[in-house]
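Q: Pasting in a structure now, in structure tokens, and then I'll have a few things to ask.
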Amino acid sequence: MMRVLIVGGGKVGRDLATRLDARGENVVIIEKDESIAETNRDAGFTIHIGDGTDSDVLRTAGAENALRVVATTGNDSVNLLVAQLAATTFNIKQVISRVNHPKNTDAFEELDVKTISSTNAISWAIDNQIERPALWNWMTELGQSGDVQEFEVTAEAVAGRTIADLATVIPEGCLIALVSRDGENMVPDGDFELQQGDRITLVGQNEVVQDALARFHPDD
């Protein structure tokens, strides 16, 4: 199954595709500019040349089988239409969009689309480099040596057990940094009992995190 469909193969889309590909995601890029498309194809990505605001192009690229659609173009009108088609025509579970102008954020959020504001992302990145440089440097290298994964607990063998009980399930080099339940985020201690439906955030080395993901969420 194709997991992530990216509309826009420019610098942002290509960088995202590189990061996703590094951790084993199945990525397809839609790009209407043939020269940009060829650059991405030469980099080893699966490319569909066409207009991502055309439902037929999205369908041909595999939107019906995508788990996530991400709009990364520099045009908010294009991104909004892509997001709308993904959410309403193809019923994509997770739709994420780049927002180039913060004033346009509300239009995306009305569609329940997760947004990343270019302006806010840059200022946030600079602030992190100032206040927490070690963490920020590690985060920017995710996919190369370390990984952070958030997912839902679905394994029956894990539900109902405490973090301490799961010492043999959680591989060495990986830790549960956060648990989200009913909208509340908690940093768990050893006595914390996991439940099916909890969303947990794992932090650790690449292969170790993927191993833990398979144990906690075998359906993905």
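Backbone N, Cα and C atoms are what each Cβ position is placed from, and that goes for glycine too.
What TrEMBL records for 1-122 is domain 'RCK N-terminal'. According to TrEMBL, the feature domain 'RCK C-terminal' maps to 136-219.
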Q: Take every residue in the domain 'RCK C-terminal' (136-219), average their pLDDT values, and give the whole-number result.
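A: Computed over the domain 'RCK C-terminal' (136-219), the mean pLDDT is 83 on the 0 to 100 scale.
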Q: Could you count the residues of the domain 'RCK C-terminal' (136-219) that DSSP puts in helix, in strand and in coil?
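A: Going by DSSP assignments, the domain 'RCK C-terminal' (136-219) contains 20 helix, 28 strand, 36 coil.
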